[in-house]
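Under the heading Mg(2+) binding site, Swiss-Prot lists ASP52, ASP95, GLU127. Positions annotated as 3-methyl-2-oxobutanoate binding site by Swiss-Prot: ASP52, SER53, ASP95, LYS125. Annotation source Swiss-Prot lists active site, proton acceptor at GLU194, citing sequence analysis.
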Amino acid sequence: MSSHPPPRKHVNIHELRRMKEAGERIAMVTAYDATAARLVAAAGVDAVLVGDSLGMAVQGHESTLPVTLDQMVYHSAMVRRGLARGDGRAHLVADMSFGSYQASADEAVKAAMRLVAEGGAEAVKLEGGAEFGDVIRRIVRAGVPVMGHIGLTPQSVHKMGGYVVQGKDSEKAQQILRDARALEAAGCYALVLECIPSELARIVTSQLRIPTIGIGAGPHCDGQVLVLNDLLGLDASFTPKFVKRFGELGAAVEGAVGAYVGEVKARAFPDDAHSFHSASVRLVPVERHAEEAEEEPPDAIGAPI
């Protein structure tokens, strides 16, 4: 009898629905490159989001708005390759960048297809409420699963007046609930709820058949998602209220690089153990080499093309 555990089942849109029905929590994180994807997959995440949050976490922008569709395709393809190095279990979702789906349904379908065909994503995520119902229907009819995203939608940061909690009063809470129902009806297979009151997230989750993935939405969602850089503690100066830092990698990286710099300055690195050796290397005096070089014809290094 084999002692190896059975391979873990790939998490697709149907498995996510089953997890909701079974009461199994969904663990999702962001990743932006192959190395991060390989590591989070090995850690056992159920889903990976190639978020346009890379604009802030990787590119150094103040918002997600400058991120382009080409960049999303590029990073998604890297993450797909990283996941392929593991057991291939995690579900891969890519964000649709600002401007890639708002102008027309036709453009949205083309953008979604690129993220799947070129970026290797299994699904796309887009922000917005009922007003994007027709766009979602078109993308789904084209064969691309869509994850919705309501509450705080970072691509609408200027309209919302900043990164603030949404749905705190009765009227806005009702609108979020209406949007959630509309997105489910439009064909979304899952829904991200960002920065809304925990009580509202519980109501939305209980009234939908599709899974809800919370970020800053309390413990009642069917799953949770965090930006990898935040949960790893890579930036000690930025820790939103809803983020729990599960590591302090920022300090660890600074310490490791600082140790490297110190050893280089002290000529302690590289030492003998980190150097290559050969007893058969033929040493040529520098002076002799220079003389031989002067005797070579001018075209010895190759004629210009």
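Residue numbering: from 1, along the chain as shown.
Cβ from N, Cα, C; glycine included.
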**OP:** Using ASP95 (Mg(2+) binding site) as the reference point, find which of the recorded positions SER53, LYS125, GLU194 has the shortest Cα-to-Cα distance to it.
**Re:** LYS125
Original post:
Under DSSP, is LYS125 (3-methyl-2-oxobutanoate binding site) helix, strand or coil?
Top reply: strand
Subject >> Max pairwise CA distance, angstrom, over record-listed 3-methyl-2-oxobutanoate binders ASP52, SER53, ASP95, LYS125 >> reply: 12
Original post:
So, in DSSP terms, is GLU194 (active site, proton acceptor) helix, strand, or coil?
Top reply: strand
**OP:** Compute the mean position of the Cβ atoms of ASP52, ASP95, GLU127, which form the recorded Mg(2+) site, and then list in sequence order the other residues of that chain whose Cβ is within 8 Å of it.
**Re:** GLY51, SER53, THR64, VAL67, MET96, SER97, PHE98, LYS125, LEU126, HIS149, PRO154, GLN155
Subject >> Cβ-Cβ distance under 8 Å to the residue listed as 'active site, proton acceptor', same chain, at least six residues away >> reply: HIS149, ILE150, GLY151, LEU152, THR153, PRO154, GLN166, GLY214, ILE215, GLY216, ALA217
Subject >> Alpha-carbon distance [LYS125 (3-methyl-2-oxobutanoate binding site); ASP52 (Mg(2+) binding site)] in Å >> reply: 10
**OP:** Which residue among the binding-site residues ASP52, ASP95, GLU127 has the fewest other Cβ atoms within 10 Å of its Cβ, if you could check?
**Re:** GLU127
Original post:
How many Å lie between the Cα of SER53 (3-methyl-2-oxobutanoate binding site) and the Cα of GLU127 (Mg(2+) binding site)?
Top reply: 13
Subject >> Cβ neighbours within the same chain of LYS125 (3-methyl-2-oxobutanoate binding site) - under 8 Å, at least six residues apart >> reply: LEU49, GLY51, VAL93, ALA94, ASP95, MET96, VAL146, MET147, GLY148, HIS149, VAL192
